[in-house]
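Accompanying notes for the structure given below.
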2 protein chains.
Amino acid sequence: MKIYFAASIRGGRDDVDVYRQLIDHLNLNNQVLTEHIGDYSLSVAGQNQLDDDYICNRDMSWLAECDLVVAETSNPSLGVGYELASAERLHKPVIILHNAKRSQLSAMIAGTQYFDHIFNYSNIAEAFQILDRELPSI
Amino acid sequence: MKIYFAASIRGGRDDVDVYRQLIDHLNLNNQVLTEHIGDYSLSVAGQNQLDDDYICNRDMSWLAECDLVVAETSNPSLGVGYELASAERLHKPVIILHNAKRSQLSAMIAGTQYFDHIFNYSNIAEAFQILDRELPSI
């Protein structure tokens, strides 16, 4: 399965270690198209070498190509909000992982009926369990 | 003109003073539908008394009703990213105000061709000037 993993880049990289572990776990039996999101060397300003138009077109192509979107939403991010709305528009299945200890999920996401696979987790083992349980049904 | 003002709530309220001033300025000659975003008493968890479904439905109704979306994007926010994608889907005119001293705007927003009215500002007087210059052409 081709997976579009969505998480914060310019919104903040505090959780990059979590992103890396989630991507590695998903990659065991799937192909994560957006592997760069787990790259430790990618800082808040890390994609500056690439043009915004290029990044946006590349990511929207991957979104159109994917079978599933997995979004980590604990760090607020304009891009992830935009990607979630785009996933809804493209009728892509969406799994949202949210660490409620880190932040409260936006009402615009939590209140949108399309997003009916929102899971709170508190540690990485729990996140893996959620993914292992949910992915086979996609 | 009916204006949907979009800015961070659960993503963080550091800039509420800026939101309040922008809303007051817009309200001089227009009607801001989302006035609560400038409410000092509305904390990150401030809308907890309202149901997420209610908030989301109310805001999407306002978005459908508005003539213009003005988004302040300096504080990363899932909700604002979702609202911007929804404004694009509904073909609403969008003005984005961004304080580049606070953060770097998401590539998914800066790189989307539909968002062709993105303005950097560094103080509130400059933001007022941008709005006064741009609004008559909407």
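Glycine too: its Cβ is placed from the backbone N, Cα and C atoms.
These features come from TrEMBL:
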- A:TYR19, A:GLU83, A:SER106, A:ALA107, A:MET108: substrate binding site (BINDING)
Among A:ALA107, A:MET108, the one of these binding-site residues whose Cβ has the fewest neighbouring Cβ atoms within 10 Å: A:ALA107
Taking residues A:TYR19, A:GLU83, A:SER106, A:ALA107, A:MET108, which bind substrate in the record, the widest Cα spacing (Å, whole number): 23
Secondary-structure category, per DSSP, in which A:ALA107 (substrate binding site) falls: helix
